[in-house]
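The structure under discussion appears below in the form of structure tokens.
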Amino acid sequence: MSKLDEFALIQFLNHKKQSEELQQKLGVIKGIGDDAAVVQHSPGSQLVMTCDTMVETIHFNPYTMLDEDVGYKALASNLSDIAAMGAVPKHALISLSIPKHYSSSRLKKIYKGLYECANEFEVAIIGGDTSKSPKHLNISVTLTGEVETNQALLRSNAKVNDLLFVTGFLGCSAAGLHYLLEKQERHLTSAKLSLDIQPLVQAHRRPIPQMKAGRLLLESKRCHSLNDISDGLASEAHEISEASKVGILINEDMIPIHPTLRAYCDLVGKSPLDWILYGGEDYHLLGTVSRSNVEYLQSRFQRQGIPFFILGEVIDQKGVHIKDQYGNIKKIQKEGYNHFN
Ligand SMILES: Nc1ncnc2c1ncn2[C@@H]1O[C@H](COP(=O)(O)OP(=O)(O)O)[C@@H](O)[C@H]1O
Ligand SMILES: Cc1ncc(C[n+]2csc(CCOP(=O)(O)OP(=O)(O)O)c2C)c(N)n1
Ligand SMILES: [Mg+2]
Ligand SMILES: [Mg+2]
Ligand SMILES: [Mg+2]
């Protein structure tokens, strides 16, 4: 038996299992292979659909997350995929599998966090499903969104000579996770955290889906490709590179490093670059834009108070490459968070 690999498995499960005709007949504009699917809806708009799961022990445990955070992040991670299409979120269905030992007060806390996120980003929770689980809690969210016809921002449109941008600091969530796993204290509240660690833990527990940035990018009509960062910069850059059949060159000197991340890395002897490239769960948007449109987008983002960092470019040599401070270029592998690895 060969070993499981997440990306190979998804490819295998879905490779030519349905005819193009059937998908076309059912209005599929973009099926498997992006942050969300796009299907024909009404004349002016298309429906966007995504689902993501959080599993206790894999995505969270009592040392890393409070119950409210689990609910909040389960929806926030789905919102991030809707943002990565440039779409507006609409309706959500929640599926819960609950082990016997969970109390109703814990579930109420999970739902408190879930509704907090839903109300903040104007998502209607319209249903779901509930079952018992043998051991661990599992929360799955299916989220819909709406986008103007044929305007969804795909991974597959990056053009050689584009510049690569990101909408915020990376690596903070992975550093926050590292801190929480080392600390080994159950249900650690934010009030008990020192100020210098709070931004990292907050980035891990309460990621902010980049809804405004996604819409700004779509409405500007100047963004070529877009992806959200759930598995790390390296992995998501590879996804753009593969889908667009181009290469990506990241300039190490241009990668923004949050001062709190730098300070924490100095303290624990870790490299910020490792967490930035391979950590994941940042939920910022990574995309490409032609050089002539960078200034325009930079000023639009600045006016909205949203970060917009240029960190590389699109090249015609396949793969993802990184240039260090001495000008040396090396290839980076598609590593990062991969279930089963
Ligand atoms: N079990 C599955 N069956 C069918 N499609 C899947 C399955 N798991 C993932 N996919 C599809 O594979 C693509 C990649 O999924 P994923 O890596 O989870 O994306 P993301 O990181 O944006 O959430 C998406 O288009 C998703 O819908
Ligand atoms: C206890 C614990 N261990 C490890 C992690 C790290 N982790 C788990 S899943 C994941 C990647 C994101 O989740 P995934 O299910 O791959 O989401 P998707 O890419 O489908 O959006 C990371 C970095 C964590 N969040 N919690
Ligand atoms: Mg995604
Ligand atoms: Mg997913
Ligand atoms: Mg993933």
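Our numbering is plain: 1 for the first residue shown, then up by one each step along the chain.
In case you wondered, yes, glycine gets a Cβ from its N, Cα and C as well.
Keep in mind that what you see is a predicted model, and the values were worked out from it rather than measured.
Model confidence over the domain 'PurM-like N-terminal' (33-147) stands at 97, taken as the mean pLDDT rounded to a whole number. If you look up TrEMBL, you'll see 33-147 marked as domain 'PurM-like N-terminal'.
Same-chain residues at least 6 positions away in sequence with a Cβ under 8 Å from that of ASP35 (Mg(2+) 3 binding site) are, in sequence order, THR50, SER80, ASP81, ILE82, ALA84, MET85, ARG155, LEU226, ASN227, ASP228. The Mg(2+) 3 binding site annotation in TrEMBL covers ASP35, ASP81, ASP228.
According to TrEMBL, the Mg(2+) 1 binding site annotation covers ASP52, ASP129. Taking the Cβ of ASP52 (Mg(2+) 1 binding site) as reference, residues of its chain lying under 8 Å away and at least six apart in sequence are, in sequence order, ALA74, SER77, ASN78, ASP81, SER140, VAL141.
Here TrEMBL flags ASP52, ASP81 as Mg(2+) 2 binding site. Within 10 Å of the Cβ of ASP81 (Mg(2+) 3 binding site) there are 27 other Cβ atoms, across all protein chains.
Sequence-distant neighbours of GLU281 (substrate binding site) (same chain, 6+ residues apart, CB-CB distance under 8 A): SER77, SER173, ALA174, LEU177, HIS204, PRO207, SER230, TYR337. The substrate binding site annotation in TrEMBL covers HIS59, GLU281, TYR337.
According to TrEMBL, the domain 'PurM-like C-terminal' annotation covers 160-322.
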Any further residue of that chain within 8 Å (Cβ to the Cβ centroid of ASP35, ASP81, ASP228) of the recorded Mg(2+) 3 site: ASP34, ALA36, THR50, SER80, ILE82, ALA83, ALA84, MET85, ASN227, SER230
Binding-site residues close to ligand 2 - of ASP35, HIS59, ASP129, GLU281, only those whose C-beta is under 6 Å away: HIS59, GLU281
Rounded Cα separation (Å) that holds between ASP129 (Mg(2+) 1 binding site) and HIS59 (substrate binding site): 20
ASP228 (Mg(2+) 3 binding site): tally of other CB atoms within 10 A of its CB: 27
ASP81 (Mg(2+) 3 binding site): secondary structure state under DSSP, collapsed to three categories: helix
DSSP-derived helix, strand and coil totals, residue by residue, for the domain 'PurM-like N-terminal' (33-147): 34 helix, 49 strand, 32 coil
